[in-house]
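Asker: One structure is given below, represented as structure tokens, and several questions about it will come after.
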There are 2 protein chains.
Amino acid sequence: MRGLMTDFAATKAMFDLPQGVLYLDGNSLGPLPRAAAARVQQAVTDEWGQLLITGWNKAGWMAQPSELGDRIGRLIGAEPGHVVTGDTLSIKVYQAVASALELTPGRKVVLSDNGNFPTDLYMVEGLLRSMGPDYELRVVAPEAVEAAITDEIAVLMLTEVDYRTGRKHDMAALTARAHAAGALTVWDLAHSAGALPVDLAGCDADFAVGCTYKYLNGGPGAPAFIYVAPRHADQVRPALSGWLGHQAPFAFDLDYRPGAGIERMRVGTPPVIQMAALSAALDVWDMADMADVRAKSIELTELFIAGVEAACPDLELASPRDPAQRGSQVSFRFAEGYAAMQALIARGVIGDFRAPDIMRFGFTPLFIDAGDVKAAVAIIADVMQNRLWDNPEYKTRARVT
Amino acid sequence: MRGLMTDFAATKAMFDLPQGVLYLDGNSLGPLPRAAAARVQQAVTDEWGQLLITGWNKAGWMAQPSELGDRIGRLIGAEPGHVVTGDTLSIKVYQAVASALELTPGRKVVLSDNGNFPTDLYMVEGLLRSMGPDYELRVVAPEAVEAAITDEIAVLMLTEVDYRTGRKHDMAALTARAHAAGALTVWDLAHSAGALPVDLAGCDADFAVGCTYKYLNGGPGAPAFIYVAPRHADQVRPALSGWLGHQAPFAFDLDYRPGAGIERMRVGTPPVIQMAALSAALDVWDMADMADVRAKSIELTELFIAGVEAACPDLELASPRDPAQRGSQVSFRFAEGYAAMQALIARGVIGDFRAPDIMRFGFTPLFIDAGDVKAAVAIIADVMQNRLWDNPEYKTRARVT
């Protein structure tokens, strides 16, 4: 491994983690960057409170969706000026697929896999229903995707990293295969952005979407992002054609004229207070090199897998064993996984559970180090070896997240 | 006038307005409620920071969209349990119109007026384009709407109060007319919610949408809301079918099954930090009676019109003269309106400008009183009588909001 340039001790100090918590759930909701609280307070008190309506200009609120987009773009290999933030990931999936379908006239099939996060499938199901009975969402097993890319396919929509197992698709190869078949691609980077290097431009990706509240640490309900390749950016006519994507929103024209490039993917009024938190979160990312993050992530996940497998024979690895085949999370299957996760949370190891039997742990080098991993492994070993999960209280808890 | 029960001096004290500002733009972006800063800080530091992922349950984040929806519902005459917050108003317009179209099979025309806020028209234009060439958005003059409601119309989509002039449609009469013709209604309450009493249930409205950053003071980028009448709530299948509108989001089913009633109008992860600010803003509204707010609003707008007309013959009233025909804003036409508004802002009277020539002033009794109105009139008189707007600096400023 080459020498790391990222100072992970410094980035760790930029987070405010509760005492006694080993937070292995930054892949679900990233923790609070210390600077975010002050940055949000500034947005609320100084900007909203004092500038009032003039904040749109004077505090730069109107420009933030694109500025934040560019800062995210650096982490995912996007060309500058081709990422914008806003809305939720579900909405951005809808926008991307609707746009991709418009660029592939005559084709009616969206291909995805059954490892995709359900909302992506739901949103496309709703989109295609409104487009008429000729359209089809075709869902195959992840390993069957490549063979299913035929010349019927309009859009290949995949989440690069599986939310349950961490299994990683080959973005470059599948994009090339899709293009060879005349299809376009929509990549969901929910479990990729900030988790591993992504090279959208290098892979020739067409559209990408993602959220910012996981690895990017933008806070609960932080806005999503969307990428449109330069060759498409001035071609697509957005289905969700909101006023802030208009060429001149404040001309209040009655007819929609799409804005320049990625700006047309904006829809409504951006969430200024959430953007303030996200901005502080991206300050931490400005100190990180994605290659370093990936190297450290692999070191941590390998340490975790070795430790858990040595101590807990009842836990079956659900993630690919080859680190090159997985994202920055590790999942184990265990029939009583829900109760076991509750037992871990009660002991300060926070991961999460995904039905039916997945115990999921995220590795986020910006604030998790090898010492944390070893401490977490010791607690997992205690819970499993002493059957601490076998407690009615852990089994009956309401399942919300 | 009956005796007011709302203590407007008390509500005014709950806002933090900058020194020397007369804020007549609460119809565009409401000011900061004092309690919002602390409430947001709590959401960031105590909830996100300390509870991390468990905030979704322990801090009640997941339930907030419906809880906030119900608090808004009280102000707009909605039945309890039939309003939910989320997304932006543009997205909610799309959801509402798409749902209404599904409930009117065989009909292909959405009727609106050219006084509607442009994003409503843009969003429907995009929706109909994706539905195919048979669908039509028909836009007529506001006064021609009633006659245009024929049995071709699937959906009547109107903004109750015109964003430029404050002219108010008759929601009850137009809804009845639409129903008689077999159409459904989508009412945009952007300039109604918190501005005047709305009686959605009494008017038999079908769908309504609105934003919370104007009269409701939810903060820049605060989430929107949507209402679905009880008779439709379990019938509609949302076009924007996101996972948080699923019957069981955390079952991660591959197929979408709509949640119960209004819950199905949720889409993606809600903006927790924005919701905290909105929650504090609604605490002020909990102290207000909408009939009182309306009575005080009329008193203030009448005082304003009389004062401005007496002092400024160059300003032409663009709002209806009859207070029953307008919302809670007053607009004047003036060819140099942009420069005049800049001159006012420089002197602490903040209103806004809407092209081509509208100077717009909002009246928000929760924090504006008769003394403020008289002070604003005196400054407007000074600017107009002494042609203080005739200054190159005011004419060349970039127009963003």
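Every residue, even glycine, has its Cβ placed from backbone N, Cα and C.
If you look up TrEMBL, you'll see A:Leu89, A:Ser90, A:Phe117, A:Pro118, A:Thr119, A:Asp120, A:Thr159, A:Asp188, A:His191, A:Tyr213, A:Trp243, A:Thr269 marked as pyridoxal 5'-phosphate binding site. Feature annotation from TrEMBL assigns N6-(pyridoxal phosphate)lysine to A:Lys214.
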Asker: Would you mind reading off the Cα separation of A:Phe117 (pyridoxal 5'-phosphate binding site) from A:Lys214 (N6-(pyridoxal phosphate)lysine), to the nearest angstrom?
Answerer: 14
Asker: Note down the number of other Cβ atoms within 10 Å of the Cβ of A:Leu89 (pyridoxal 5'-phosphate binding site), including every protein chain shown.
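Answerer: There are 29 of them.
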Asker: Please report the distance from the Cα of A:Thr159 (pyridoxal 5'-phosphate binding site) to the Cα of A:Lys214 (N6-(pyridoxal phosphate)lysine), rounded to the nearest angstrom.
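Answerer: So the alpha carbons of A:Thr159 (pyridoxal 5'-phosphate binding site) and A:Lys214 (N6-(pyridoxal phosphate)lysine) sit roughly 14 Å from each other.
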Asker: Sequence order is fine: just name those binding-site residues in A:Leu89, A:Thr119, A:His191 with a Cα within 10 angstroms of the residue listed as 'N6-(pyridoxal phosphate)lysine'.
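Answerer: So far as Cα distances go, the binding-site residues lying within 10 Å of the residue listed as 'N6-(pyridoxal phosphate)lysine' are A:His191.
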Asker: With 8 Å as the upper Cβ-Cβ limit, not reached, which of the recorded positions A:Thr159, A:His191, A:Lys214 neighbour chain B?
Answerer: none
Asker: Can you tell which of A:Phe117, A:Trp243 has the most other C-beta atoms within 10 Å, given these are the binding-site residues?
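Answerer: Top count of Cβ atoms within 10 Å goes to A:Trp243.
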Asker: When DSSP is mapped onto helix/strand/coil, what comes out for A:Thr119 (pyridoxal 5'-phosphate binding site)?
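Answerer: Once the DSSP labels are grouped into three classes, A:Thr119 (pyridoxal 5'-phosphate binding site) ends up as helix.
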Asker: Looking only at DSSP and grouping its letters into three states, which state does A:Lys214 (N6-(pyridoxal phosphate)lysine) belong to?
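Answerer: Its secondary structure by DSSP: coil.
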